Amino acid sequence: MRIKALTIRILRQIFRDKRTIALLIFAPILVLTLLHFVFNGSNYEPTIGLVDLPEAVSNSLNSSEAGHFQNYDHMKEAKSAIEQRTIDAYLYMDGSQPSLVLEGSDPTSNRAVMSLLQNAFNSPDKKSAKMDIDFLHGGSELEQFDYIGPILLGFFVFFFVFLIAGVSFLRERTTGTLERLLSTPLKKSEIVFGYVIGFGIFTILQTFLIAAYAIYVLGMYMEGAFSLVIIISLFTALTALTLGILLSSFANNELQMMQFIPIIIVPQIFFSGLFNLEAIPEWLSWIGPLTPLYYTADALTSVMVRGTGWGTIIENILLLTGFSLLFILLNILVLKKHRKI
Amino acid sequence: MVGDSDVVCVNHVSKRYGDQAVLKDIHFSIRKGEIFGLLGPSGAGKTTLVKQLAGLEVPTDGENVIFQQRMPSLQIMKRIGYMGQSDALYGELSAKENLEFFAAIYGLKRKERLQRIPEVLKIVNLAGTEKKLVSSFSGGMKRRLSLAISLLHEPELLILDEPTVGIDPVLRKSIWQTFDRLKSNGTTIIVTTHVMDEAEKCDRLGLLRDGKLIAIGTPTELMADTSSQSIEEAFLVYGGAVHEN
């Protein structure tokens with residue numbers, strides 16, 4: 001009954017604070033929406049200058065729809081156009097060999113020019129080179145957004161629960177309510193469980209709204225079961241909650257709580273798979289498995305992109321539970337500072 | 001001096017934080033149904049001592065025995081009402097929600113809660129404000145609500161750390177009337193204060209200075225003992241005597 005009272009109080013506090021609610025639900029929705037448009041925006045179509053090319057070549061290029069073409073008679077015109085950045089590259093004949101000059105300052109346009117030219121020169125003429133391409137997971141319609149989406153979903157749950165739980169426990173300490181709670185027969189474990197259940201319920205609601213929006217409105221790739229996404233989020237929230245409460249003991253005010261963000265939260269993003277984990281130098285790669293977000297991201301990507309079930313995520317869930325248990329234990333030890341029994 | 005009728009026995013209690021001694025061999029007892037005042041300047045160790053009595057801290061040496069049991073004990077804490085120096089309220093919640101929450105924490109059943117909440121609100125003159133958010137309360141209202149919370153479970157021992165700070169004289173008077181009423185019902189009350197006129201209203205006083213109990217007795221005894229006209233004067237005499245040693 002005491003745990004229930006704590007749970008109700010925590011939920012009341014969260015829902016009473018309209019601005020925080022807006023932050024917790026609309027901030028992730030806003031960020032995901034922006035990312036959706038940034039990553040899924042139409043592909044960049046480069047403009048390429050063609051300097052005095054044989055008719056066969058320029059005709060075949062002009063038929064390509066992935067870019068725009070500008071014909072020049074002289075090299076000089078093309079050079080001045082590329083300097084003014086009206087074209088991204090120009091193609092000319094160096095003897096019998098076609099040569100390409102790129103503007104070069106923007107990797108995106110570089111890549112767009114290269115892939116356009118590769119396609120134009122290779123594909124239609126050489127029918128023999130054509131092959132069937134199958135995807136084990138995902139598919140050719142899988143976009144960058146679909147890959148980073150699940151990781152971000154996990155990140156939002158982790159980040160917001162960490163911050164809100166940390167700050168509310170910090171306030172509990174600084175306003176003296178923690179002392180008052182400890183002057184009652186309430187057990188320390190009851191305090192921790194009250195927090196876990198209160199924030200657990202809230203996280204289910206938060207994840208439900210954000211995930212439903214991402215999947216059904218933004219069309220994020222979703223292969224697996226929705227319920228698994230909620231379960232993974234719940235365990236992520238549990239870890240974030242217990243870590244947030246633990247670290248709040250080492251902060252004297254809200255600002256000091258914020259100072260944990262660049263130290264505890266941001267590094268986790270780098271090891272969560274948002275950037276290719278293989279690219280991390282070997283001497284740093286041991287950090288990833290020590291960060292909870294690593295397991296959240298792996299589980300969410302498995303379910304949402306690869307469509308796997310319980311079997312593949314159970315290990316991640318267990319590891320997240322392990323983190324939580326460790327943090328709960330440390331929390332109870334830290335609470336001993338406030339009351340010995 | 002420690003007898004069976006004593007509700008609180010402080011038994012040669014010392015407390016050190018590192019090499020700083022906050023309490024030095026404090027020894028006294030409190031009888032059932034008395035209002036006991038702990039008087040002393042800030043930093044004298046009043047808060048440390050009452051926190052120990054509330055079960056929040058433990059002494060380095062000695063022991064605190066309350067209701068014949070050594071503190072801290074969760075069983076005994078059920079019978080104690082504690083109000084710390086901070087109001088310890090949830091600003092986002094209404095007065096009633098705060099009361100409901102703490103009532104549940106103290107294990108009051110729904111029926112008891114429905115009965116006790118209006119009662120304690122009436123005691124502290126806050127009836128009619130239960131729907132208001134605590135964040136919109138004035139300082140005095142918060143202090144009174146905090147007091148109401150510590151009364152919810154009808155504790156046999158009430159420990160109040162500076163209960164009347166920031167409360168105007170009229171309200172202070174009404175709060176002391178409340179203490180007298182509770183006392184007549186058999187509640188033992190421990191208050192800390194550094195307001196001298198308040199000290200005179202206590203049945204017995206303990207004077208604390210630099211972690212030492214420099215005198216103990218009824219206000220009249222303390223004044224007679226030092227042939228002073230006021231507690232303030234008496235305190236200075238006791239304090240001066242310590243300096244001369």
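Heads up, the Cβ atoms here are built off N, Cα and C, so glycines get one too.
As the structure is a computational prediction, the values presented were derived from the model and not from experiment.
Quick look at what TrEMBL lists:
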TRANSMEM  A:21-39  transmembrane segment
DOMAIN    A:98-338  domain 'ABC transmembrane type-2'
TRANSMEM  A:147-170  transmembrane segment
TRANSMEM  A:191-219  transmembrane segment
TRANSMEM  A:225-248  transmembrane segment
TRANSMEM  A:260-280  transmembrane segment
TRANSMEM  A:313-335  transmembrane segment
Request  = Please figure out which one of A:21-39, A:147-170, A:191-219, A:313-335 racks up the most CB pairs under 8 Å against the transmembrane segment (A:225-248).
outcome  = A:147-170
Ask   = With the transmembrane segment (A:260-280) as the reference, which stretch in A:21-39, A:147-170, A:191-219 has the largest tally of C-beta pairs below 8 Å?
value = A:147-170
Inquiry  = Do any residues, 6 or more residues outside the transmembrane segment (A:147-170), come within under 8 Å Cβ-to-Cβ of it, and if so which ones?
reply    = 10, 13-14, 20, 23-24, 27-28, 31-32, 35, 39, 138, 178, 195, 199, 203, 206-207, 210-211, 214, 220-221, 229, 232-233, 236-237, 239-241, 243-245, 247-248, 251, 253-254, 257-258, 260-261, 264-265, 268-269, 272-274, 292-293, 296-297, 299-301, 303-305
For the transmembrane segment (A:313-335), distant same-chain residues with Cβ under 8 A (at least six beyond the ends) = 182, 188-189, 191-192, 228, 231-232, 235-236, 238-239, 241-243, 245-246, 249, 292, 295-296, 298-299, 302-303
